[in-house]
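Asks: Questions regarding the structure given below will be posed in turn.
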Amino acid sequence: MLTILAVSDSIGETANQVAVAAASQFTEKVDVKRIPYVKSLEDVEDVMNIANECESVIIVSTIITVNVREHLTQKAMEKNISVMNVLGPIINVASTILNTHPTYNPGAMRQTDEVYFKRIEAMEFAMQYDDSKDYRGLKNADVVLIGLSRTSKTPLCMYLANKGVKAINIPLMPEVGVPDEIYEIDRKKVFGLTINPLRLIEIRKRRLDKFHRITSDIEYAGDARVLEELDFADKIMRKIGCKTIDVTERAIEDTALIILEKIGYNNK
């Protein structure tokens with residue numbers, strides 16, 4: 001049986017994906033074995049010991065460190081084992097075009113992984129505290145959105161989460177009020193979403209029309225109710241002293257850009 005060794009001086013995800021993609025092209029059984037953190041000449045010897053135990057073997061490598069990569073290639077050639085250096089050709093071509101030398105930093109990919117996991121964490125945070133009565137997340141949030149129903153709080157939270165920003169949204173309703181905790185956090189991370197009353201009425205009526213048995217004349221979309229809510233929201237935002245953003249004719253991306261600039265996202 002053929003074995004493909006996915007060898008890397010980092011976690012080995014890239015090498016493993018390449019090996020799995022190659023193996024999937026054959027009906028015959030191909031075993032893929034990931035070997036991460038090959039960072040020294042001694043580690044290379046361990047790889048070769050594993051290779052020697054295989055009936056038939058190919059090595060797919062994403063090792064960046066030059067001396068380790070060359071040592072692996074040399075040892076494999078001595079055993080007549082094929083080595084595919086996945087990143088080498090791409091790095092060489094890019095180096096020529098950019099007219100600069102690569103850093104050969106094995107941890108560079110890990111930095112990208114950290115950004116990815118930060119994004120996932122922010123998304124989980126946004127979902128956990130979406131329109132929630134659990135306000136424990138306020139102190140851990142990067143951004144706190146407050147606004148009436150149908151002012152795009154949830155999609156805005158998710159958009160920010162995709163940037164790795166932990167956002168929580170607090171719905172404003174006259175009957176409920178706001179949690180005391182919101183007055184205890186830094187007001188610079190609180191953003192009040194405002195909207196034109198006619199536009200809000202239109203959005204709410206359209207929302208209700210999606211539910212065939214619910215008339216759009218109910219209080220939720222009524223003029224008096226909307227004006228009452230807007231007045232309540234305005235008083236709360238003034239009391240907090242937070243930045244307000246009119247979302248009437250503004251795309252979610254544009255609103256997010258304003259927030260990201262205010263919290264210094266591009267400077268992090």
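A Cβ is built for glycine as well, from the same backbone N, Cα and C atoms used for every other residue.
Given the structure is predicted, the values throughout are model-derived calculations rather than measurements.
For reference, Swiss-Prot lists these features for the protein:
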BINDING   Gly147, Leu148, Ser149, Arg150, Thr151, Ser152, Lys153, Thr154  ADP binding site
Asks: Within 10 Å of each Cβ, count the other Cβ atoms, then let me know which of the binding-site residues Ser149, Thr151, Ser152 comes out lowest.
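Replies: Each of the binding-site residues Ser149, Thr151, Ser152 was scored; lowest Cβ tally within 10 Å is Ser149.
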Asks: Provide the three-state secondary structure of Arg150 (ADP binding site) computed with DSSP.
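Replies: Reduced to three states, the DSSP call for Arg150 (ADP binding site) is coil.
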Asks: Residues with Cβ closer than 8 Å to the Cβ of Leu148 (ADP binding site), same chain and 6+ apart in sequence?
Replies: Pro171, Leu172, Met173, Leu193, Ile195, Leu200, Glu229, Leu230, Ala233
Asks: Ranked by the number of other Cβ atoms within 10 Å of their own Cβ, which of the binding-site residues Arg150, Lys153 ranks first?
Replies: Lys153
Asks: List, in sequence order, the residues of the same chain other than Gly147, Leu148, Ser149, Arg150, Thr151, Ser152, Lys153, Thr154 whose Cβ lies within 8 Å of the centroid of the Cβ atoms of the recorded ADP site.
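Replies: These residues sit around the ADP site: Asn169, Pro171, Leu193, Ile195.
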Asks: Taking the Cβ of Gly147 (ADP binding site) as reference, which residues of that chain separated by at least 6 in sequence fall under 8 Å from it?
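Replies: Result: Lys153, Asn169, Pro171, Leu172, Gly192, Leu193, Thr194, Ile195, Ala233, Val247.
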